[in-house]
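Straight from TrEMBL, the features:
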{"type": "TRANSMEM", "residues": "56-75", "note": "transmembrane segment"}
{"type": "TRANSMEM", "residues": "87-110", "note": "transmembrane segment"}
{"type": "TRANSMEM", "residues": "131-152", "note": "transmembrane segment"}
{"type": "TRANSMEM", "residues": "164-184", "note": "transmembrane segment"}
{"type": "TRANSMEM", "residues": "196-217", "note": "transmembrane segment"}
{"type": "TRANSMEM", "residues": "239-258", "note": "transmembrane segment"}
{"type": "TRANSMEM", "residues": "279-304", "note": "transmembrane segment"}
{"type": "TRANSMEM", "residues": "332-355", "note": "transmembrane segment"}
{"type": "TRANSMEM", "residues": "376-393", "note": "transmembrane segment"}
{"type": "TRANSMEM", "residues": "405-426", "note": "transmembrane segment"}
{"type": "TRANSMEM", "residues": "433-455", "note": "transmembrane segment"}
{"type": "TRANSMEM", "residues": "502-526", "note": "transmembrane segment"}
Amino acid sequence: MSGDAPLRTSSFVMADYVVFALMLGVSAAVGVYYACVDKSPGTSGEFLTGGRRLTALPVSLSLTASFMSAITVLSNPAEVYRYGAILGFYTLSYLVTMLVTSELFLPVFYKLAITSTYEYLELRFNRATRLLGTMLFIVQTILYTGIVIYAPALALNQVTGMNLWGAVISTGVVCTFYCTVGGLKAVVWTDLGVMMAGFLSVIVRSVVLQGGVMPIISDSQRGGRLNVWDFDTNPLRRHTFWTVTVGGSFVWISIYGINQAQVQRYISCKSLAHARLSLYINLFGLWSILLCSVFAGMCLYSVYKHCDPWSSGQVSASDQLMPYLVMDIFRAYPGLPGLFVAAAYSGSLRSLVWVSMHCNGRTGLINGRNSTGKHLVICYCNSTLLVCFKKYMLSPLVLCSPQAAISIFGIIGGPLLGLFTLGILCPWANSKGALSGLVSGLVVSLWVGIGAQIYPPPPEMTRPLPLSTTGCSFNSSNSFNWTSLVFPTLPVVLSPWYSLSYLYFSPLGTLISICIGLLVSVFTGTKHLYSGQKSRIFQLDVS
């Protein structure tokens, strides 16, 4: 294939279903294995942290896979296809994230020997702060997992013919099953290679079809996909060097530094040194997957540079581009489309393991036996399925993009990051300041984030790259006219706020939380703040 008119793709064949089902079966088998080999009663803490017996390597693999979901497999290449390879600067964001996490947040959580990051908020501030932080985490989790499951299921359903609800329900059922019986250890040992194999199969086949790596790079250069050296400091621009590196760093620090799903993993290591090493090994995994997804987007553009499937009406959303490419280039290779689907869903499966509540008396929000944590895993998966049904009523263009996931982490995770940073770095911050800062940061982030959805930034701020249909053999327009899109109008005074890059939602919420928290703490006084246990907690923070 040379990138001419794409053909209508066919549905899965039996071999594809076999490969996909095999991946789900292996995931379930991992949970059964750990349930059989470790029959000791244990505690909820052991269920959630693997008994703190794990070494750096398996934990690093789990860290890498946790947020490398179907959004990574489907949406990142589509982002490169539409906006260019500037996402590659996430490599710098990842580096900053690991440095900050390993030196600031990891020592605090590991030395406290807590199973939930939100226990720290009660120890440092008060129970009300913990409850609000936990509630926000749950909301963020449900919204994110809804995207993780539903968006790829929708895209794959419309392109491959796979049954939508079959894909959603099977993933949720297997997730619930193997997390419940296997705990964290089953998650850690889930095979990350499935995701890499899916990416590499697409890349290798595209390279063969296009005649080598250099033609793909040349096509991307001519199409503007490699114009990544954009150092514009305008915060309204969607993607620049600064938005990706600075804004991306805040987003990923909120994920690795304070998000229970990640903290739970690296505090499961048997020592602080192993936990720190797991973060840095994980860094290489993140870089590998990011570079694969960026190059897959370049392959996507090289194949369809003369006949864009989206603007020509072959697909209805950008996240369907990668499944369309897979069904197109692997038409003669039964089973390989199933491998790519397995890669997408293996990421989603791992991303569903979310636990924030524990059951050891004072250290948990819920008192009970060690089965409570397992029951909550089931509740989370069921909640995700309910969200998926509600999301079915929304436009796929709203759901199917990495912007949606990062916006969620920015709007909610940003203020939470400010709260934890306030507690760790600011000795004079009190509970009144913490709550005021968190609420203020959340209100502003919600205002800007929701406003950006109602009044999307204009094309001159997002700057999508041109797409062509001149090589299509069927009737279509010659090119996609971005300027023909109609955007809602709003007063000029509000326009800059709502055009703010989605990557800056997190820094905005973080900085407002810290600033308001400090001001309120100063005006309400800090007398008697460090008596007793709270003094011990703060001394541990800065040591």
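Cβ atoms are placed via backbone N, Cα and C, with glycine included.
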Out of 56-75, 131-152, 405-426, 433-455, which stretch has the largest tally of CB pairs under 8 angstroms to the transmembrane segment (502-526)?
405-426
Going along the chain, which residues at least six beyond the ends of the transmembrane segment (196-217) come within the CB cut-off of under 8 Å?
1-3, 73, 226, 288-289, 292-293, 295-296, 298-300, 302-303, 322, 325-326, 329-330, 333, 336, 339-340, 342-344
Ranking 87-110, 131-152, 279-304, 433-455 by the number of C-beta pairs under 8 Å to the transmembrane segment (405-426), which range is first?
433-455
Tertiary contacts of the transmembrane segment (279-304) (same chain, 6+ residues out, Cβ under 8 Å):
1, 3, 6, 56-57, 59-61, 63-65, 68, 72-73, 76-81, 85, 87-88, 90-91, 94-95, 98, 101-102, 106, 192, 195-196, 199-200, 202-203, 206-207, 209-210, 215-217, 219-220, 223, 225, 256, 266, 321-322, 325, 328-329
Positions on the same chain near the transmembrane segment (87-110), where near means CB under 8 A and six or more residues out:
76, 79-80, 117, 120, 228, 239, 241, 244-245, 248-249, 251-253, 255-258, 263, 266-267, 272, 275-276, 279-280, 282-283, 286-287, 290-291, 293-294, 420, 424-425, 540-541, 543
